[in-house]
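Have a look at the structure below before the remarks.
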């Protein structure tokens, strides 16, 4: 409905602030805003794999559901996932979901919560079969069963039986196939989509989530969505870095909304570098290329991974392979005039195999590297790919905060996918566990809402000032009169993150990074210049809001990394080279006071107990080698 009576005060100018939200106290101009109000049982923010699976599940169950997305659903970044989705189907070889869980716990470097890992790996098989029934066009074996390929960090018989073949694939376009299928199912079940709406903030009341505020990009109108359940499924924040496989839309908007609401994010220091981003462009070359038999080379033409991972070589976990590449480059065995990258060789594979199983890779390599993969290797380099950290949740998707050192559920708020930290990935994600994560926990959220929310539950009125702070922030950005453009500040942030929170880290570099990123954040607040003052398709405004979101997470990532005095998974410190379970086998909870810029770090224990010890025993920590 259109609420013409609601008057929100527009605050144009601002005092300088050390925080990430401006302080509005110097000048104000009163202007009436006509705000469009909506009421739904549930709203889902984001329309990638997790968001669509949650929205589809909710509409299937009869809930009035809205899915709000800043871009068309099939442009969501899930579409770029290539390699596949893990499930112990046992089509290509004997397999067991417990072996999958073992590999996931080991891959997480024992920071993964074993109750959530238990749930995800057990649910993997029915989840993939459900996707098949929905219509995902998986590649097929000769007997008609779903094709499975080898992927990194995966084994049989709890690490004792050799390489597992567990990754279910639709050639090298699995994410594309999955996303289009889920979108079709969501449309079939009459999910209401609000496309090209940018969600700015959560609406909170007494610690509970009541909905969200959004901008309609087409006409600049403000919309308030009231709901009993709000699901955040907005993906990661890879674009905080200079070189990333992520789309430019991957700005972690949901994470930042949660942070602005005074809630924590978890384990943001763990950022995955994929071993095979194309040198120069950062475009992803799937791990499936190595699963099909590809291997890495240094400048001597040596296949070097057997030196670092004797048992599995190029199919070690991603953090191990990325560090190995970096060591080769550091020790002068890099390729090219600058000796700053490695090569991925596929030339020994037949063109028929490549065309059948890796057609997209052949095309991508030609477009972005000028390489015919049947004749020459692809230049590659470790590239930011995935955020293990995010919004802390339990395995049901309910968002967690801490009160007096104890976990507390945030009523009405859920998260799933890369924006969430369940935590099934811990300190390092295994390849092909991401598509599994988004579908399993997108469905889990819908199931939990069904268990806790009665249909036709009446809605309470929203707080009368709901949305005021969000609109004040929008106007503060629109009327910023500093000296630096959004693009200039964004580039500075990305280069700081690329340099100071990289594959290898140490205390001095991280301490410098904390100082630099805090200074960059202050520059965003105090010296931003925008030129478009309108509200209709104002890309200057939206990019600035996205930068604000990225900066929020970049600050917490750097502070969290500087504080963690150990090496674990993707967080590899040269001054603390060993994993320290006695002091650091715990999750980081990071808070940011957006008004003052103050960062607070707390910690919560890793869940080491499985859901059912008789079904799956706890996997105790051991030294992680491949």
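The backbone N, Cα and C atoms fix where each Cβ goes, glycine too.
Values in this document were obtained by computation on a predicted structure and should not be read as measured data.
In the three-state DSSP reading, residue 318 (active site, proton acceptor) counts as helix. For 318, the entry in Swiss-Prot reads active site, proton acceptor.
Cβ neighbour count for residue 79 (FAD binding site) (all protein chains, 10 Å cutoff from its Cβ): 19. Secondary structure from DSSP puts residue 79 (FAD binding site) in a helix. If you look up Swiss-Prot, you'll see 46-51, 69-84, 253, 418, 434-435 marked as FAD binding site, on the strength of similarity to another entry.
For 274, 286, 385, 429, the entry in Swiss-Prot reads substrate binding site, with the evidence type similarity to another entry. The Cβ of residue 286 (substrate binding site) lies under 8 Å from the Cβ of 82, 83, 172, 276, 358, 361, each of which sits 6+ residues away along the same chain. DSSP assigns residue 286 (substrate binding site) to coil, not to a helix or a strand.
Marked as transit peptide by Swiss-Prot: 1-24.
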Revision key, fill the gap. Same-chain, non-site residues whose Cβ lies within 8 A of the 274, 286, 385, 429 Cβ center for substrate are 245, 272, 275, 284, 287, 318, 386, 431, 434
Practice item. Could you check the binding-site residues 46, 83 and say which one's CB has the most other CB atoms within 10 Å? Key: 46
**Study point:** Least surrounded among the recorded positions, given as 75, 318, when other CB atoms within 10 Å are counted
**Key:** 75
**Study point:** Protein Cβ atoms within 10 Å of residue 71 (FAD binding site), excluding its own
**Key:** 18
Practice item. Quick one: of 274, 385, 429, which of the binding-site residues has the smallest count of other CB atoms within 10 A? Key: 274
Point to revise | Max CA-CA distance, Å, over listed substrate-binding residues 274, 286, 385, 429 | key: 14
